[in-house]
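Worksheet: one structure, shown below.
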Amino acid sequence: MSYSRGRDFLFCNLCGTMLAVPSTEYAQCPLCKTKQNIKHIKGKEISYTISAEDIRRELGIDLIEEQKVQLSKVNKTCEKCGHGEATFYTRQMRSADEGQTTFYTCTRCGHQFQEN
Ligand SMILES: [Zn+2]
Ligand SMILES: [Zn+2]
């Protein structure tokens, strides 16, 4: 049985079966009935962000998943003070349909605005 590091908490410690989640309190191995505390699993979520998508699908936990892609300067006129330079970064929204949203921060006044 081989699976990537960081995902093993979704599998039974004893037999390696993917855990089911019959309640909000614990995950349970459907094969050998070993229980694993979900609070324990949730704690690991933070450090294993790469598997957040898998965890959410598996446990039905609603995560806010946003990734800062880049931060650089661009010629963009601030809505507030009219300054012509802002830093920006993009966030990939949860659904692929929603696409990316670009966030701008004015380098003069710090005003934040966004553009889809
Ligand atoms: Zn098991
Ligand atoms: Zn400004």
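Cβ atoms here come from the backbone N, Cα and C positions, even for glycine.
The Zn(2+) 1 binding site annotation in TrEMBL covers Cys12, Cys15, Cys29, Cys32. Feature annotation from TrEMBL assigns zinc finger to 12-32. If you look up TrEMBL, you'll see 74-114 marked as domain 'TFIIS-type'. The Zn(2+) 2 binding site annotation in TrEMBL covers Cys78, Cys81, Cys106, Cys109.
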**OP:** Around ligand 2, within a Cβ distance of under 6 Å, which of the binding-site residues Cys12, Cys15, Cys29, Cys32 show up?
**Re:** none
**OP:** Check the binding-site residues Cys78, Cys106, Cys109 for any whose Cβ is under 6 angstroms from an atom of ligand 1, and report them in sequence order.
**Re:** none
Original post:
Cα distance, Cys81 (Zn(2+) 2 binding site) to Cys32 (Zn(2+) 1 binding site), nearest Å?
Top reply: 64
Subject >> Pairwise CA distance, Cys78 (Zn(2+) 2 binding site) versus Cys15 (Zn(2+) 1 binding site), rounded so that it is a whole Å >> reply: 58
Subject >> Cβ within 8 Å of the mean position of the Cβ atoms of Cys78, Cys81, Cys106, Cys109: remaining residues of the chain near Zn(2+) 2 >> reply: Glu79, Lys80, Gly82, His83, Ala86, Thr107, Arg108, Gly110, His111
Subject >> Local Cβ density at Cys29 (Zn(2+) 1 binding site) - other Cβ atoms counted within 10 Å >> reply: 19
Original post:
Cβ distance under 8 Å to Cys81 (Zn(2+) 2 binding site), same chain, sequence separation 6 or more: which residues?
Top reply: Cys106, Arg108, Cys109, His111
Original post:
Taking the mean position of the Cβ atoms of Cys12, Cys15, Cys29, Cys32 as the Zn(2+) 1 site, which residues outside that list, in the same chain, have a Cβ no more than 8 Å away, listed in sequence order?
Top reply: Asn13, Leu14, Gly16, Thr17, Leu19, Pro30, Leu31, Lys33, Thr34
